[in-house]
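Noted in TrEMBL for the protein shown:
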type    : residues           : note
DOMAIN  : 276-442            : domain 'Helicase ATP-binding'
BINDING : 504, 507, 544, 547 : Zn(2+) 1 binding site
BINDING : 513, 516, 531, 534 : Zn(2+) 2 binding site
DOMAIN  : 539-693            : domain 'Helicase C-terminal'
Ligand code: ADP
Ligand code: ZN
Ligand code: ZN
């Protein structure tokens with residue numbers, strides 16, 4: 001038999017399968033989705049088996065050297081997704097497959113085969129390896145006899161053995177000592193009647209009737225290790241090691257919740273979803289519900305329905321919304337059926353969660369973007385909450401969007417996909433209007449709770465009246481009022497476009513990075529300037545580099561500055577600040593939020609990370625310090641992002657019994673993206689924004705492709721960019737627009753000059769082929785020199 005293998009060499013020339021002979025002893029063992037080691041030129045490298053066939057068209061094939069997985073790491077479905085991603089994001093197949101394998105398996109790790117059952121349950125051929133120990137190293141086993149792989153893989157399928165990967169410093173999979181009843185129980189007379197504790201303990205273990213951890217046992221029984229040891233010696237109990245998962249949520253209590261009785265409105269939106277589940281037919285729904293309209297409860301009950309059908313569920317939430325509060329809602333309803341995947345987990349923790357999914361120990365995954373690749377095999381429903389969030393798009397290769405993968409999987413499993421948002425992306429809403437997606441509106445908050453009252457304050461007017469503070473009179477008064485009443489406030493500061501840069505007051509010189517064309521950011525803790533793109537750091541200058549003036553200082557309004565200002569004007573207020581600096585340590589995010597939840601502060605001050613998912617009953621005021629900081633970023637989506645963010649932030653207020661109020665401070669209060677937040681009306685915003693998109697010829701009226709070209713020499717960048725544009729203009733149809741080349745907004749990063757060009761098209765059958773040719777044509781130059789060409793289909797970042 002022949003295995004078709006995608007080898008671990010990311011290049012255009014090797015982005016195809018190579019044939020390898022399957023040694024006879026591995027016949028039937030090697031399957032698609034397994035990783036193997038194969039000879040490649042003079043080297044031995046890893047690869048993914050994607051197909052097993054009877055014959056090769058090549059005369060000579062080399063044999064596979066080693067198998068890395070005893071069971072496939074990728075299912076047939078995930079392999080298909082990989083191929084599809086490679087085609088649609090123009091990445092290598094290898095990169096697409098690697099994306100779906102936990103990082104822990106990609107590192108070079110020791111692998112052990114571990115005995116799960118009793119040794120005598122194993123086929124006799126394998127028993128000899130476990131005489132001394134209940135584990136043996138994989139390489140050890142392989143050295144003895146390659147044909148063992150077949151027996152091992154069967155034993156694994158039967159649940160007798162398991163392969164452990166030794167991940168990271170803390171070593172190995174974590175194990176604990178466990179106790180179980182010995183199969184042959186001695187006579188009870190072996191325990192003297194007066195040894196009450198021993199009798200109690202034995203009865204306890206008999207009752208539990210499954211392995212029980214020694215530490216739990218000792219605690220539950222209030223007894224000593226000695227009692228256990230005696231019972232082991234007498235032959236009643238036996239001790240063994242069992243793997244325990246590293247639990248990222250250890251120590252967090254999740255109170256169980258029961259399904260709420262749905263409101264009529266919720267009933268209306270859930271019933272088409274349940275129909276889709278019952279009919280096992282794929283549909284994409286856009287659940288457009290204002291903040292607090294009860295979307296999450298709808299998700300929970302739809303998932304419950306899928307689980308009752310014996311199917312599984314994937315829930316995606318934006319990384320920064322993956323707070324304990326959010327996780328709690330799913331854990332509270334589905335308990336240990338839930339795995340959680342996010343970037344805060346260590347490599348080992350991620351691997352553990354992945355294995356729980358693989359072993360079908362969980363049925364629900366709640367996670368950030370990459371959780372869309374959860375290796376479930378019977379998906380009933382996929383939910384993408386806050387579907388407008390740009391973090392669902394990966395901004396490096398493979399540049400995939402989780403929504404596209406979700407729809408692919410929904411079609412594959414014939415199951416519904418639900419995109420939920422209070423402020424859908426223009427693209428999704430336009431699709432819903434054209435019935436490509438099925439629109440489910442939830443227009444009111446649960447139990448007719450009022451939407452928060454929004455007031456927009458004109459900061460130009462404040463300035464005219466002599467108020468130079470970062471707080472308007474109104475916001476200041478209201479903050480003070482809340483502190484006095486013992487209610488809570490949230491103060492939101494958008495960080496993008498608002499970093500603290502250093503400027504000379506005399507000549508206007510701004511300190512910039514010497515490797516990148518970007519202003520340096522002032523870091524108070526080191527009293528230093530830092531480049532956020534390349535990490536370059538330098539001392540805070542004492543005088544201006546340009547004119548020598550001493551009047552050089554930092555500008556802009558970071559959260560630290562707001563905190564200081566608050567301490568000055570409202571010294572009685574207790575403030576919790578949440579930004580990248582205060583949440584860098586693992587778990588800090590949760591600690592700060594729960595402190596705020598317990599009422600340990602009056603004001604929560606923060607960046608984007610507080611805009612989402614917060615649900616605290618005592619928040620009655622939300623203040624936005626500078627609403628338009630985002631509006632002036634040169635990006636056609638800046639109005640959309642502003643509206644979305646303002647709606648999100650105001651959604652934090654008045655979610656419970658107390659009414660909420662929002663103060664938005666702005667220098668452009670008349671802009672429709674800010675004006676329309678007052679009435680919380682999405683539809684007029686959509687209409688207005690669509691007219692702008694139409695006029696400027698932007699998505700959803702067209703599709704876009706962004707090509708980025710970079711090189712240390714500017715002349716080289718320009719020449720190549722011009723060649724690319726000329727090629728595109730020649731190959732693509734006349735109706736397609738090719739823009740550029742122009743210097744990128746960030747014209748230089750890490751000493752590389754950057755140019756870009758853009759394609760706008762409606763229907764372009766030749767597109768992917770043409771882009772592939774560009775990739776391949778410049779590959780030679782990439783290998784030779786320093787040129788980088790990146791192609792982004794459906795870009796979200798234009799820097
Ligand atoms: P969203 O996800 O749309 O922001 P949530 O699901 O968080 O809305 O619901 C807002 C609040 O209303 C939550 O406190 C939730 O517990 C409550 N809620 C949701 N559905 C119901 C219902 N059917 N009956 C009572 N309370 C509900
Ligand atoms: Zn730099
Ligand atoms: Zn100066």
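Backbone N, Cα and C define each Cβ position, glycine as well.
Counting other CB atoms no more than 10 Å from each candidate's CB, the binding-site residues 507, 513, 516, 544 peak at 513.
Other residues of the chain with a Cβ within 8 Å of the Cβ centroid of 504, 507, 544, 547, the Zn(2+) 1 site, are 505, 506, 508, 509, 545, 546, 548, 549, 551, 552. Every protein chain shown contributes to the tally, and the Cβ of residue 531 (Zn(2+) 2 binding site) ends up with 21 other Cβ atoms within 10 Å.
Taking the binding-site residues 504, 547 in turn and counting surrounding C-beta atoms within 10 angstroms, the largest count is reached at 504. Among the binding-site residues 504, 507, 513, 516, 531, 534, residues whose Cβ is positioned under 6 Å from ligand 2 are identified as 513, 516, 531, 534. Within the same chain, the residues at least 6 positions away from residue 534 (Zn(2+) 2 binding site) whose Cβ sits under 8 Å from its Cβ are 513, 515, 516, 749, 750, listed in sequence order. Over the domain 'Helicase C-terminal' (539-693), the average per-residue pLDDT in this prediction is 86. Reduced to three states, the DSSP call for residue 516 (Zn(2+) 2 binding site) is coil. Compute the center of the Cβ atoms of 513, 516, 531, 534, which mark the site for Zn(2+) 2; besides them, the chain residues with Cβ within 8 Å of that center are 514, 515, 518, 520, 532, 533, 535, 536, 749, 750. According to DSSP, residue 507 (Zn(2+) 1 binding site) sits in a coil region rather than a helix or strand.
DSSP assigns residue 534 (Zn(2+) 2 binding site) to coil in the three-state reduction, placing it in neither a helix nor a strand.
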